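*Asks:* Pasting in a structure now, in C-alpha cells, and then I'll have a few things to ask.
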Amino acid sequence: MISRCLAGVLLGIPLAACTLALALHWMPNRGQDWLIPVLILFFPLWTTVMIASYMFRSGLRAWVVLGSSNIAVFALLWLSRHLAG
Amino acid sequence: MKSSTVRTYTTVHTWTGLIAGFGLFIAFFAGALTVFHHDIATWQSPPWRMTADADVTPDQLAQRLLQAHPDARKDFGIVLAPPGVARPPYAYWPEGGEERFATASAIDQPTEDATRGNLADFVYALHDSLGFPTVGMYFMGIVSILYGLALFSGLIIHLPHLVRDLFAMRSGKNLKRLWQDAHNVIGVLSLPFHLIFAMTGALLCLFAITFATLNVVAFDGKLFDAFGKAIATAPVIAPSGEAAPMLTLDELMQRARVQALKQGVTSFEPDYVHFSNYGDRKAVVEVRGLSQHTLGTYGTVAMNAVDGSVLETHVGKAQNTNGITNSAMYSLHFGSFGGRTVQWLYFVLGLMGAFLFYSGNLLWIESRRKRRMEDQPMKTRIMASATVGVCIGSCLGIAASFGATMLADVYGADAGLWQRVACYGFVIASAIYAWFRPLPRATRDLLWLNAVLYVALGAIDLVRNLQVWTQPWTPQASAVLGVDLTGIAMGIGFAFLARASWRRATQGDPNSVWSLDATTAPAT
C-alpha cells in the first residue's frame, strides 16, 4: 500500500506535468492562449494518478508502469520539441 | 467492484480524511464566514464609526506616497476600501525587492502586512493559512491535496450504492448509520462544490511551488515568460522622460467604468488601481474592478493616465480564455459571481462542509466503538477529545476574535494583536479543556459557551448601533444587521447542538466515549 502510494505521489508529478506540457505544445500557438486553463488541470491530473495507483496489483507494478509512462511522455515531449520544431 | 479494492479505498479515505480533517474543518468554517468578507469589514468599520485616515482620498494618498518615496512612481498600486466601509485606502509599492504597504498617515513607516487589524482579513487568513503566513499556506495546500484524494476515494467507495443509498436517511436506533447517511448525502450532493475547492485551494496555496516545479520538470524553463504573457493585462510602455499632469483617480475610474460597461457586464466596482511611470506623459494606469453576475468577476481596464485613452480591456466579452479562467477560478472559489443568493448558498455549503469533516471523525470514532465494553480504546478517546477541542474550539476562537475586535475598538487597543490572542487562546484553552474534563461534559460546555458567545456578540452589537437602526436605511446598515443576526442565528444553532449532545450523553447508548455513564462508571 505504502509503495503504491509513494509511486503515485512521486511519479504522478512529472507525469501530470509532462502530459500538460505535451498537450500545450501540440495546440496552436504552442497553447499560449490556453495556458491557464491547461495549467489548472495539474492538480486534478496528479490526484487521478495518485488514486489510480492503488489499482495496481503490487507496488513494484505501480513503479514499473508509472515509471515507463513517465519515460514515454518525456521522450515524446523531447521529440516534439527537438524534431517537430 | 472487488471487495479488496473497496477496502483499499476505504483505507485511503479514512487516512486522508483523518490527517486533513482538522485543517479542513477550520478552512470551511472560516471560509463560510469569508464569503461575507465585505460585510464583516463593514461590521468592523461602518461609515458611522470613522477610523483614522478613512477620509483620505486615493489621490491624496498617491501624492503623499510620492512625496515620501519618489522612486515608487515607477510602480505602485492603491488598494481601495470596499464601498461604504470607513477604512482608509492603502498604497502598495516594491522597494528593494520587498513589498511595502502603508496608509496615508503611516507612509513613513510602511509594513509588510497590509491588513493587520482587519477582522475580515484575519478570518480570511485563518481560512487559507490558519493565520500563519507562508508555512500555514503550504500546510493548507497539502491539506487541499489530501482533500482531493479523500473526495475521489470516497466517491469510489460510495459509487456502487450511489443511487440506492443517496437519499436514504435511516434515522432508527442506529445513530451511527444516520451519521453515515448524512455524511454520504452531503458529500455527494455538494461534490461539484468540493471538487472546485480541492482544485482551486491547492492551486491558490501552492501556486509558487507548483509553478517552479512545472517550469523545471516540463517547460524547459520557459513557463515564467509564457505565464507573464498569459496574465498580462496592461502593455509595457517605456517612459518618455517628459513630465505631464495625470488625470485624477476619480476621473480615471469613471472612464474605466464606462469602458467596462460597454463589454456587457452589469457593474464594475474598482477595488485596485496600479500606476506605471506616474507623472510621465506615457504613464499607464490599470484599474481593476469587480463585476457582479459573471464568472469573470475581476476585470481590468488599462489606460494612458494623461489623456485616459484606453490601451487594453479585459472585462466581460473582451476577456480572453486565459483571463476568463483566471478570474473564474477566484469567483468560483469565493462565490462572488452571483450576488447575495450565491453568497448564502456558499455560506450554507461551507458550514455543511465543516459538518462533513466533523462527521467523518465521529464515524471513525463510532466504528471503533466497543459495544459490549464500558472501557473504550484510548485512540478513540484521543480522537474524540481532539475533535471536540479543535473543531468546537475553533468556532469559539473565531467568535472570540470578533469580540476582541469590538473591545479593541472601544478601548483604542491594537486590534490585530488582540484578535490573534483571543482566537488562538480560545482554541488552545478549548483543546486543554476537552482533554482534561470528562468528554461528554466538555462537549456540552464548549457548545453552550459558543451559543452564549455568538448570541451575546450579535446582541451587544445590535445595542451598540442602536441609533443607526432608527436612521434612514443604507446598504451598510443592512450589512451590519446581517452580520449581527447571522451571529445570533449561529448561536441558536450551537444551543441546539449542545442540547443534542447532552441528550446523547445521558440517554444514548452507554458504551461510548460520548456517554456520561461510561466515563463515570468504574471500570469493571
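Just so you know, glycine gets a Cβ as well, placed from its N, Cα and C.
TrEMBL lists these features:
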type     : residues  : note
TRANSMEM : B:12-36   : transmembrane segment
TRANSMEM : B:138-163 : transmembrane segment
TRANSMEM : B:184-214 : transmembrane segment
TRANSMEM : B:344-365 : transmembrane segment
TRANSMEM : B:386-411 : transmembrane segment
TRANSMEM : B:417-436 : transmembrane segment
TRANSMEM : B:448-467 : transmembrane segment
TRANSMEM : B:479-498 : transmembrane segment
*Asks:* State the residues, same chain only, that lie 6 or more residues beyond the ends of the transmembrane segment (B:12-36) and have a CB under 8 A from a CB inside it; answer 'none' if no residue qualifies.
*Replies:* 120, 123-124, 126-128, 130, 139-140, 143, 146-147, 149-150, 153-154, 157, 201, 334-335, 343, 346-351, 353-354, 356-358, 360-361, 364, 383, 386-387, 390-391, 394-395, 398, 482-483, 486
*Asks:* Restricting to the same chain and to residues at least six past its boundaries, which positions have a Cβ under 8 Å from a Cβ of the transmembrane segment (B:138-163)?
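*Replies:* Apart from its flanks, the transmembrane segment (B:138-163) reaches 1, 5-6, 9-10, 12-13, 16-17, 19-20, 23-24, 27, 128-130, 132, 184, 187-188, 191, 194-195, 197-199, 201-202, 204-206, 209.
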*Asks:* Cβ under 8 Å, sequence separation of at least 6 from the ends of the transmembrane segment (B:184-214): give me the contacting residues as numbers and ranges.
*Replies:* 27, 128-129, 137-138, 140-145, 147-148, 151, 154-155, 158, 162, 165-167, 169, 223-224, 227, 329-330, 332-333, 349, 352-353, 355-356, 359
